[in-house]
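**Student:** From TrEMBL, here are the annotated features:
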DOMAIN    9-217  domain 'YjeF N-terminal'
BINDING   57-61, 131-137, TYR142, ASP160, ALA262, GLY331, HIS382, ASP449  (6S)-NADPHX binding site
BINDING   ASN58, ASP127, SER163  K(+) binding site
DOMAIN    227-508  domain 'YjeF C-terminal'
BINDING   LYS419, GLY420, PRO421, ASN422, THR423, GLY448  AMP binding site
Amino acid sequence: MRIVTGEEMASIDAITMNKVGLPGAVLMENAGRGIARKLLDHYGRKRRFFIVIGSGNNGGDGFVVARVLKDEGAEVQVFIVPEESRYKGDAKLHKRVFEQSGYRWKYWKDIESQWPAMLYETDIIVDALLGTGISGQVKEPYASVIASINKLKNEIVSIDLPSGVPAGSAELNHEAIKADRTLTLQWTKVSYYLEETKPYYGEVDVVPIGIPPNTLRHLASQRYIWGKNEVVNSWVMSKPNAHKGDNGRVGIIAGSEAMPGAAALAGSAAVRSGAGFTTIATVAQNVPVIASHVKEAMYTIFSEKHGYLAPTETELAAFMDNKQSIAVGPGLGRTPALTKMVAYLLVHFKGVLILDADALHCLKECGPIVQERTAPTVITPHPGEMAMLIDQSVSYVNKNRFEVAESYAEQYGVYVVLKGPNTIVAEPSGCISVNVTGNAGLAKGGSGDVLTGMVAALVARQRIQPALSSAVFFHGYAADLLAKQRHVLATITPSDIIEHLPEAFSIVDDD
Ligand SMILES: NC(=O)C1=CN([C@@H]2O[C@H](COP(=O)(O)OP(=O)(O)OC[C@H]3O[C@@H](n4cnc5c(N)ncnc54)[C@H](OP(=O)(O)O)[C@@H]3O)[C@@H](O)[C@H]2O)[C@@H](O)CC1
Ligand SMILES: [K+]
């Protein structure tokens, strides 16, 4: 499933109309009919609908919804916001079809003074004011209509997107509809995955409108949702007679005297995610503690300085040998020795190198080496670490997650796993996949260490892009399974996530 901006949606609509030959009025009929069907299925015919309609094609969808609901016997009141003369094209056509079906609309401005009272007698407000065609700040009279609707307690369902919310960005410094549900057309929009705009959408459901998949080849951007189907379809099963070497040799360089837990979590997650051999490199005094938690791993003791790892090149060279992937970062602390270690691994390690947590802070100094590296490099920053890497604020990163991840991946030739709600995986090619699993239970120290271990295990035995996106999926999916069982998100711990990985992985039935 693709994720699009308003401009992209408009260009695919235009290609469908002009090159494929499917008229816009048919797409609008499909859209309105699909939405009406969802409304009837969800709320039933006995509910009272109040549809507010704007002047563009989103309003045109509203006329189709109103007609189909009325045809089905539902109680529907229809109000238009602009002057009647503003309608043109497909919206004008469907306004006429609505009228010629024997149905009537009223002007919003004529009922404005009584409408809060009218709405007490209404169950559901359908918002067909503005869609993907909005530009700039919401103007009057739309701004006042939106503000009035938001004050009510009625259930609000938006068509395509909540009116006022831009489709492709989080630029929102004006009033926008706060929907309970959004029935979005054909594909979800970028702003649904951005922290600032997501809450406006409420629950989201996708309504196909009959755009042929073939038209997608005209889309330059490649943003996808990575869901259960993608995980299952891309998963490479272990051979029935596999031996442990076939399942990947994974190295985890993690932990310092004060932070043994990060190494235990990352190592344990790698083991639970199916790594054939997991070797944890850490400081000597940590080994008994970590080994009591991760019995299946092997241990390498690196030289240290004041309780922090400071391996020699010989130690690093020996550790790299035979490994398909190495993750470095969790619990290491930011030391000059870490920068040297990261630089050495970037140059000499020929497998997949995953840089996380403290190791990310070395990247700014190692930029040119990263660009020269031919083996895959993966970085797993949270928004704060991403902001540090590009010298921007966290809020800038949150508002521009897609662009930030994509441009860093392309510039440095790395795979960026930008964490947060709806974690993004950006490939150096510009392809982006977005995760839809996970919940607030993951917002805890240690949760990132678990993901790092999972990533290290999966990239060692699967193709890199599906491995990254699927690791993120399983991490969130385990949290969702826990949420279903316990309901209290705050009580979910990273160790619980690791324990629930077998259940999460069961969707790929890898036995
Ligand atoms: N055939 C198709 O293409 C299909 C499209 N589809 C549907 O169409 C939607 C996109 O339609 P669209 O492009 O007509 O834009 P849309 O969001 O309805 O509104 C644009 C109008 O709003 C106004 N306006 C703009 N900015 C404003 C502002 N800041 N503040 C206030 N008003 C503002 C401006 O009106 P004006 O002021 O010029 O009267 C402008 O004309 C899409 O989301 C989907 O629902 C589906 O039916 C499938 C087929
Ligand atoms: K809308």
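The backbone N, Cα and C atoms fix where each Cβ goes, and this holds for glycine too.
Keep in mind it's a predicted model, so treat the numbers as computed, not measured.
Distances, neighbours, how buried they are, the whole picture for these features please.
**Tutor:** Look at ASN57 ((6S)-NADPHX binding site): DSSP puts it in a helix.
Within the same chain, residues at least 6 positions away in sequence whose Cβ sits under 8 Å from that of SER163 (K(+) binding site) are GLY54, ASN58, ASP127, LEU129, LEU130, GLY131, ILE134, VAL138, TYR142, ILE146, ALA176, ILE177. Following the DSSP three-state reduction, the secondary structure of SER163 (K(+) binding site) is coil.
The C-beta environment of THR423 (AMP binding site), restricted to residues of the same chain at least 6 apart in sequence and closer than 8 Å, consists of VAL417, VAL434, ASN435, GLY438, VAL472, GLY476.
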**Student:** Taking every protein chain in this structure into account, which of the binding-site residues GLY60, GLY331, PRO421, GLY448 has the most other Cβ atoms within 10 Å of its Cβ?
**Tutor:** GLY60
**Student:** Around the Cβ of SER135 ((6S)-NADPHX binding site), how many other Cβ atoms lie within 10 Å? Please give the count over every shown protein chain.
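**Tutor:** SER135 ((6S)-NADPHX binding site) is surrounded by 8 other Cβ atoms within 10 Å.
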**Student:** So which binding-site residues out of ASN58, TYR142, ASN422, GLY448 are up against ligand 1, CB under 6 A?
**Tutor:** ASN58, TYR142
**Student:** State the Cα to Cα distance, in Å, between GLY331 ((6S)-NADPHX binding site) and PRO421 (AMP binding site), rounded to an integer.
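**Tutor:** Counting only the Cα atoms, the answer is 23 Å.
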**Student:** Tell me which of the binding-site residues ASN57, THR132, SER135 ends up closest to GLY420 (AMP binding site) in space, Cα to Cα.
**Tutor:** THR132
